[in-house]
Amino acid sequence: MSGWADERGGEGDGRIYVGNLPTDVREKDLEDLFYKYGRIREIELKNRHGLVPFAFVRFEDPRDAEDAIYGRNGYDYGQCRLRVEFPRTYGGRGGWPRGGRNGPPTRRSDFRVLVSGLPPSGSWQDLKDHMREAGDVCYADVQKDGVGMVEYLRKEDMEYALRKLDDTKFRSHEGETSYIRVYPERSTSYGYSRSRSGSRGRDSPYQSRGSPHYFSPFRPY
């Protein structure tokens with residue numbers, strides 16, 4: 001068996017993932033949702049314009065995190081049904097495993113999408129953060145010309161990404177923004193090749209759309 005272990009990464013440190021939140025959610029709302037399960041150490045809310053917000057909530061006692069998942073997963077909150085679970089991590093220490101010191105995660109999956117239109121400063125970490133709104137990302141990579149690849153642990157998460165994250169606003173760690181396109185791997189012949197099958201798909205219908213426009217707070221393009 002490889003060094004990968006599909007663990008419930010937050011179980012040991014009291015952290016849980018909360019997804020499918022309403023767009024106007026605040027940290028105070030999350031505190032109100034979870035305070036009864038135990039003392040909360042930290043709330044990290046990810047609320048990007050145009051995307052469904054998600055959050056990480058960390059309890060002082062890991063057992064409280066288990067209770068919160070049991071009590072709030074599938075809970076109807078306004079018009080939203082919450083998704084509450086342990087965040088998945090690998091290798092036993094949390095975080096995302098990497099192919100090299102600064103490389104992308106190395107676990108692979110067949111539930112794969114390609115992304116085009118990334119800004120020049122967009123990294124695989126930025127791509128992973130953006131795309132995990134659809135579910136658990138096990139691999140993310142960025143190549144030249146603003147093209148990236150993302151693999152999900154579950155088929156339904158891949159399908160959700162294709163429906164909901166296509167033509168959404170992406171922001172890099174340097175503040176550059178662009179609108180990205182998300183499409184199935186089979187629809188493209190960008191730089192990625194399928195080494196397991198040795199074949200490539202047809203040309204992407206997005207190749208004819210022209211160069212994407214980037215918006216940078218640092219330099220003009």
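Cβ coordinates are placed from backbone N, Cα and C, and glycine is handled just like the others.
Among the features that Swiss-Prot reports, compositional bias 'Low complexity' is placed at 189-198.
Note on K36 (SUMO2 cross-link): other Cβ atoms within 10 Å of its Cβ, all shown chains, come to 10. Sequence annotations record features per position, and here Swiss-Prot assigns SUMO2 cross-link to K36.
Under the heading phosphoserine, Swiss-Prot lists S189 (among others).
Per Swiss-Prot, the feature phosphotyrosine maps to Y192 (among others); the stated evidence is a large-scale study or a structure entry.
If you look up Swiss-Prot, you'll see S193 (among others) marked as phosphoserine, on the strength of a large-scale study or a structure entry.
The feature phosphoserine is assigned by Swiss-Prot to S195 (among others).
Annotated phosphoserine per Swiss-Prot: S204 (among others), in sequence order.
Swiss-Prot lists S208 (among others) with the feature phosphoserine.
Swiss-Prot lists S211 (among others) with the feature phosphoserine, giving a large-scale study or a structure entry as the kind of evidence.
The phosphotyrosine annotation in Swiss-Prot covers Y214 (among others).
The phosphoserine feature in Swiss-Prot is assigned to S216 (among others).
For the region 'Interaction with SAFB1' (188-200), the mean pLDDT of the prediction comes to 41. The annotation region 'Interaction with SAFB1' is assigned in Swiss-Prot to 188-200.
Residues or ranges marked as region 'Disordered' by Swiss-Prot: 189-221.
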